[in-house]
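**Q** Dropping the structure in here first, questions after.
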């Protein structure tokens with residue numbers, strides 16, 4: 001991450017908020033209800049980078065990168081989901097940042113390497 005320097009040569013930490021990357025696994029009735037599209041839309045509104053995809057076990061996986069406040073707002077959205085979804089749980093963890101600068105819907109991820117849309 002680029003750092004801006006003050007006149008004394010020290011970094012000005014107030015100019016850049018360090019990014020974090022969070023991973024969520026959402027379980028419940030979350031496939032076939034517009035969950036990925038809604039999540040992508042909300043993440044883009046929040047200015048987050050990352051992706052969302054369906055998993056073979058019926059869950060949805062999200063990885064999002066940005067500041068902690070906006071990531072928390074996305075998690076709150078994930079806990080409710082779009083109309084028609086029934087969220088039973090949202091498990092989250094921090095993962096390494098990637099420096100991505102967009103949010104996308106990724107192809108479905110199924111164990112064994114098979115990918116579908």
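The backbone N, Cα and C atoms fix where each Cβ goes, and this holds for glycine too.
Copied straight from Swiss-Prot:
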type	residues	note
DOMAIN	21-107	domain 'Acylphosphatase-like'
ACT_SITE	36	active site
ACT_SITE	54	active site
**Q** Using a Cβ cut-off under 8 Å and a sequence separation of 6 or more, which residues in the same chain sit near residue 36 (active site)?
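**A** Same-chain residues close to residue 36 (active site) (Cβ under 8 Å, separated by 6 or more) are 52, 53, 54, 60, 105.
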**Q** When the pLDDT values for the domain 'Acylphosphatase-like' (21-107) are averaged, what is the result?
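**A** Result for the domain 'Acylphosphatase-like' (21-107): average pLDDT 97.
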**Q** Helix, strand or coil: which one is residue 36 (active site) in, per DSSP?
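**A** Where residue 36 (active site) sits, the three-state DSSP reduction gives helix.
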